[in-house]
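Engineer: Here it is, the structure, as structure tokens.
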Amino acid sequence: METQPARPLAARRPSTPLAGEIAVPGDKSISHRALMFGALAVGQTRITGLLEGEDVLRTAAAMRALGAEITRDGGDWLVSGRGIGGLTPPEDVLDMGNSGTAARLLAGILATHDFSSVMTGDASLRKRPMGRVIEPLKASGAVFTAREGNRLPLTIQGARDALPITYRLPVASAQVKSAILLAGLNARGITEVEEPEPTRDHSENMLTHFGAQVKVTQAGRGRMIRLTGQPELRAADVVVPGDPSSAAFPLVAGLLVAGSKLVINGVGLNPLRTGLFDTLREMGAELEIRDFRIQGGENVGDIHVEHTALVAVDVPAGRAPSMIDEYPVLAVACACARGVSRLRGLSELRVKESDRLAATAAMLRAGGVRVEIEGDDLIIHGSTQPAGGGLVETHMDHRLAMSALVFGQATREPMRIDDASFIDTSFPGFVALMRRLGADISVP
Ligand code: S3P
């Protein structure tokens, strides 16, 4: 991907309100997991609504390289699994592209398969820390050889008779939790993960859906998760809801552009993912969930949103896990809100697809907004219409690119981005969908 030419774009305030009814692509977290669990199950899993973004396609390619049969059937995807411990050695390096979730979860699977494999990724992923999964996964008996600083490329020699892991997460990370649970599938005995703050529980939900025994109990402010090893995972159909992290972009655009009125149908509303919606409501957003339903074990609803004059907000650090991917676009909303906002406890943003704390601050500054970083907090001095007019460096980060294009819908002067190509990792069709709503996005 990094060899492709950059695709610059410009976004400017549209002359008419944004309006329409849309659906966003499938949830990225659930899509990765559906392919991985399907590949480890016995039988055929049908996935409806899989996100066909670059990140998820990397997971599909990796699971194929490890022996699963994965095909597209109309709009659905079919996965014929190999059973727990049944994956086979890959013939080549596994390239996880831009996807931290794919790399970290797969490290868990490979830790307890008795063969050796090599994993790499693009320039962004090769900068991201893998020590957070390598350290706990070593306790299974697997041997890891990473590049300096625990970065990819990474060689994994999986354990023969894997031991179950007991681990308390030092950071709130659903990826680390999931990597350990995936390793635990092929270890005898009980794998135990304690998380200090609850993080997205798609792995726990889907493991149960595929027939594994997972027990979740409260542990202080967080949770203790116990998985019984070597279950027979049985293929199970998965319906993927719309990704709330993707819905965030048209949603904030609808709030910012005067007179706008949008409906976003079929959005996943897992309570561990909805921090942004709560926060926007605190900012005064006209935001309503209608037709709330349970679909494939996950909460789903239709989001109705209308333009609202927003006010500043103070977001507590404890809310971060429930909206970790939404801070760049929340920061855009804060830049266009009356008053000074404080977003607290954002250390984890430093190790995303880019250093998202620094890059988000730089994006707002490029649009003439006063921003400070104090420790791990982001302080944003909002105004009803920031100046805009700047160029945003997106650092191979899809969410920065989309946030900057949303920002440009509200600023006085257009905002430009250096490269839109990474948007396809999570939200293929984003620009076309935004244009359909009336957004003004063009090649500069
Ligand atoms: C994800 C977990 C989060 C999130 C990422 C997807 C997952 O990462 O940022 O986009 O699917 O488990 P962390 O676990 O590093 O917080």
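Every residue, even glycine, has its Cβ placed from backbone N, Cα and C.
The annotation domain 'Enolpyruvate transferase' is assigned in TrEMBL to 14-432. The phosphoenolpyruvate binding site annotation in TrEMBL covers K28, G100, R128, Q175, R356, R399. Per TrEMBL, the feature 3-phosphoshikimate binding site maps to K28, S29, R33, S173, Q175, D325, K352. Residues or ranges marked as active site, proton acceptor in TrEMBL: D325.
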Engineer: Between the binding-site residues G100, R128, Q175, R399, which lies closest to R33 (3-phosphoshikimate binding site), Cα to Cα?
Structural biologist: Q175
Engineer: Cβ under 6 Å from an atom of ligand 1: which of these binding-site residues qualify? The list is S29, R33, R128, S173, Q175, D325.
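Structural biologist: The binding-site residues passing the 6 Å Cβ test are S29, S173, Q175, D325.
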Engineer: When DSSP states are folded down to helix, strand and coil, where does G100 (phosphoenolpyruvate binding site) land?
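Structural biologist: Assignment for G100 (phosphoenolpyruvate binding site) reads helix.
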Engineer: Helix, strand or coil: which one is R33 (3-phosphoshikimate binding site) in, per DSSP?
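Structural biologist: DSSP call for R33 (3-phosphoshikimate binding site): helix.
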Engineer: Relative to the Cα of D325 (3-phosphoshikimate binding site), which of the binding-site residues G100, R128, Q175 have a Cα no more than 10 Å away?
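Structural biologist: Checking Cα-Cα distances against D325 (3-phosphoshikimate binding site), none of the binding-site residues falls within 10 Å.
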Engineer: Over the domain 'Enolpyruvate transferase' (14-432), what does the predicted model average in pLDDT?
Structural biologist: 98
Engineer: How many whole Å apart are the CA atoms of R356 (phosphoenolpyruvate binding site) and S173 (3-phosphoshikimate binding site)?
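Structural biologist: Rounded to a whole number, the Cα-Cα distance is 16 Å.
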Engineer: Given the binding-site residues S29, S173, K352, which one's Cα is the least distant from that of R128 (phosphoenolpyruvate binding site)?
Structural biologist: K352
Engineer: How many Å separate the Cα atoms of R399 (phosphoenolpyruvate binding site) and K352 (3-phosphoshikimate binding site)?
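Structural biologist: On Cα coordinates alone, these residues lie 10 Å apart.
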Engineer: Widest Cα span across the 3-phosphoshikimate binders K28, S29, R33, S173, Q175, D325, K352, in Å?
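Structural biologist: Taking every pair of listed residues, the largest Cα separation comes to 19 Å.
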Engineer: Let me check the 10 A CB neighbour count of R33 (3-phosphoshikimate binding site). How many other CB atoms are there?
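Structural biologist: Counting Cβ neighbours of R33 (3-phosphoshikimate binding site) within 10 Å gives 25.
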Engineer: Measuring Cα to Cα, how many angstrom lie between G100 (phosphoenolpyruvate binding site) and S29 (3-phosphoshikimate binding site)?
Structural biologist: 11
Engineer: Within 10 angstroms of the C-beta of R399 (phosphoenolpyruvate binding site), what count of other C-beta atoms is obtained when all protein chains are considered?
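Structural biologist: There are 28 of them.
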